[in-house]
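First the structure, in the form of structure tokens, and then the observations on it.
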């Protein structure tokens with residue numbers, strides 16, 4: 001094991017974080033009040049009760065049911081700004097230096113909140129985080145795969161200007177995985193890439209779905225990153241391909257345990273991925289719901305993989321930087337920061 005002080009100081013990049021998934025109970029209830037939103041009768045009545053319910057998810061769908069109720073309290077640009085700013089202030093104390101952030105506009109547009117409102121609120125928080133906290137960030141618009149692909153295509157058309165201008169830096173695919181394979185979204189990804197050939201592409205795959213979902217995301221959607229991807233372990237051929245192409249897997253340890261993908265963090269094939277030279281980063285996914293932000297994930301992995309030394313953690317940090325979608329100059333700055341922290345602890 002390495003000292004937790006080292007992990008705290010180690011510069012971190014987060015690539016798998018849903019902004020709506022950072023909605024803590026102590027922000028959810030004030031926003032509901034501010035916007036006169038009536039929460040469902042079966043919904044817990046206090047932040048404390050809700051926090052307890054968040055410890056009891058049976059699977060991905062059980063979590064999603066609560067996640068989508070939570071999004072109902074977000075209505076105005078200010079709400080989205082407050083949500084993202086609360087995330088940035090938390091992680092600024094955890095060694096986070098760069099974040100690539102998912103958001104789900106369809107959770108909001110289906111309620112009559114415009115895509116522009118959502119995006120501008122988040123974008124303002126990203127700018128403030130850069131100016132005041134020194135954290136760089138990119139926004140990744142996700143399509144909800146449980147909605148009809150035609151609706152997803154419509155969302156891409158609505159986002160055309162934001163994609164063209166680069167405010168939306170990447171496209172992702174999330175929500176319930178198993179019933180909705182990548183093949184349903186080929187047209188969506190092709191259209192988005194046509195609007196802006198520089199748009200970065202990723203997709204959730206291989207969390208509850210098999211390794212075939214990962215291969216299909218690579219082959220059919222032309223993604224250059226895989227979100228989760230833990231079931232890639234099922235195929236030697238796929239693992240060799242991921243290693244050769246240095247495709248980043250954005251792994252979410254505490255999330256995988258919370259949603260019963262694995263029983264413990266030890267079961268996540270992180271050592272296998274290291275042995276196979278597959279690049280991965282460690283991320284928090286939906287931290288308000290899963291009881292852990294990025295540093296909590298680093299601490300838990302450190303406990304469950306006690307043989308990992310400074311060299312291994314240096315490699316993970318650098319893989320995260322090299323796999324990021326920030327500019328080369330920023331990558332070089334961050335790599336130098338990692339070197340400085342490693343040198344401090346190993347010299």
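Cβ coordinates come from backbone N, Cα and C, glycine included.
Just so it is clear, the model here is predicted, and its values are computed rather than measured.
Pulled from Swiss-Prot, these are the features on record:
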ACT_SITE  207  active site, proton donor
BINDING   16, 18, 204, 285  Zn(2+) binding site
BINDING   286  substrate binding site
SITE      228  site 'Important for catalytic activity'
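Compute the center of the Cβ atoms of 16, 18, 204, 285, which mark the site for Zn(2+); besides them, the chain residues with Cβ within 8 Å of that center are 17, 21, 102, 174, 227, 228, 250, 252, 255, 283, 286. Neighbour density around each Cβ, counted as other Cβ atoms within 10 Å, peaks among the recorded positions 16, 18, 228 at 16. The recorded positions recorded for this entry are 16, 18, 228, 285, 286, and the Cα of 228 lies nearest to that of the residue listed as 'active site, proton donor'. The CA atom of residue 16 (Zn(2+) binding site) is located 8 Å away from the CA atom of residue 228 (site 'Important for catalytic activity'). Taking only the Cα positions, the spacing between residue 204 (Zn(2+) binding site) and residue 228 (site 'Important for catalytic activity') is 6 angstrom. Among the recorded positions 207, 285, 286, the residue whose Cβ has the fewest other Cβ atoms within 10 Å is 207. Cα-Cα distance from residue 285 (Zn(2+) binding site) to residue 228 (site 'Important for catalytic activity'): 9 Å (rounded to the nearest whole number). Taken residue by residue with DSSP, the residue listed as 'active site, proton donor' is part of neither helix nor strand, so it is coil.
Counting only the Cα atoms, the space from residue 228 (site 'Important for catalytic activity') to the residue listed as 'substrate binding site' is about 13 angstrom. Its own atom aside, the Cβ of residue 204 (Zn(2+) binding site) has 26 Cβ atoms within 10 angstroms in the protein chains shown.
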